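According to Swiss-Prot, the protein has these features:
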- Asp8, His10, His42: divalent metal cation binding site (BINDING)
- Asp8, Val9, His10, His34, Ser35, Asp56, Ile57, Gly58, Thr132, Thr133, Asn134, Glu135, Arg142: 4-CDP-2-C-methyl-D-erythritol 2-phosphate binding site (BINDING)
- His34: site 'Transition state stabilizer' (SITE)
- Thr133: site 'Transition state stabilizer' (SITE)
Amino acid sequence: MRIGIGIDVHSFKEGRKLIVGGVDIPSPKGLDGHSDADVLLHAVSDALLGAAALGDIGLHFPDTSPEFKDIDSMILLKHVGKLLEKNGWRTVNVDAMLLLEAPKIAPFVVDMRKNIARCLQIETDLVSVKATTNEKLGYIGREEGAAAHAVCIIEKA
C-alpha cells in the first residue's frame, strides 16, 4: 500500500472556461493553462503518479507539447489510471480539497466525484471532493487563482 499527494495551482484568466473536476462551472473567468487547466484533476493525477513512483503530470503531459494544448484533463486522468493498472496498481481511495474564493462549487461536487471515479474505474464512494475558501487571504483570497490538494492510497492489484 502506498500514499500519494498532489498539489496544483492555476491563475484565473478572462475568456476561459472554468473546468474543475471535469465539470464546466459557470464563471466570468476560468483557469489559465496549457491544457483545460483543471486544477483538481491535475492534483489527483499527481497524487496517483507519485504514489506509484511514476513521476508527475509534467513528465507525462509536458506543457511544451502541442499534443496536450487545451486537452480535456479527464483524458489525462484516464491515462494515469491505465498507467497505474499497467504497473500493477489499483486505486483504493482519493481525497481532494479545492481552494478557491469563488464561485461556490458545492452544487457540482457530486458530478466531480463521479467524473474522477469514472476516469479511474472505481466506485464513487471511494472519491471525496471538498472545497474551502482562503478567507480572502493571498492570491486565492484575491480571486487571482485557485489551488487543489489531493491525497490517494493505492495498492498492488
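A Cβ is built for glycine as well, from the same backbone N, Cα and C atoms used for every other residue.
Recorded features from Swiss-Prot, shown on the structure.
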| residue | record | Cβ within 10 Å |
| --- | --- | --- |
| Asp8 | divalent metal cation binding site | 24 |
| His10 | divalent metal cation binding site | 21 |
| His34 | site 'Transition state stabilizer' | 15 |
| Ser35 | 4-CDP-2-C-methyl-D-erythritol 2-phosphate binding site | 21 |
| His42 | divalent metal cation binding site | 28 |
| Ile57 | 4-CDP-2-C-methyl-D-erythritol 2-phosphate binding site | 26 |
| Thr132 | 4-CDP-2-C-methyl-D-erythritol 2-phosphate binding site | 11 |
| Thr133 | site 'Transition state stabilizer' | 14 |
| Asn134 | 4-CDP-2-C-methyl-D-erythritol 2-phosphate binding site | 17 |
| Arg142 | 4-CDP-2-C-methyl-D-erythritol 2-phosphate binding site | 12 |
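Separating the Cα atoms of Arg142 (4-CDP-2-C-methyl-D-erythritol 2-phosphate binding site) and Thr133 (site 'Transition state stabilizer') is a whole-number distance of 11 Å.
With respect to Thr133 (site 'Transition state stabilizer'), the closest of these binding-site residues in Cα terms is Asp8, chosen from Asp8, Ser35, His42, Ile57. The recorded positions recorded for this entry are His34, Ser35, Ile57, Thr132, Asn134, and the Cα of Ile57 lies nearest to that of Asp8 (divalent metal cation binding site). Cα-Cα distance from Asn134 (4-CDP-2-C-methyl-D-erythritol 2-phosphate binding site) to His34 (site 'Transition state stabilizer'): 25 Å (rounded to the nearest whole number). Each residue contributes its Cα atom, and for His10 (divalent metal cation binding site) and Ile57 (4-CDP-2-C-methyl-D-erythritol 2-phosphate binding site) these two points are 14 Å apart. Proximity to His42 (divalent metal cation binding site), judged by a C-alpha distance within 10 Å, picks out Ile57 from the recorded positions His34, Ile57, Thr132. Here the Cα atom of Ile57 (4-CDP-2-C-methyl-D-erythritol 2-phosphate binding site) is found 12 Å from that of His34 (site 'Transition state stabilizer'). For the recorded site, Thr133 (site 'Transition state stabilizer'), the DSSP three-state label reads coil.
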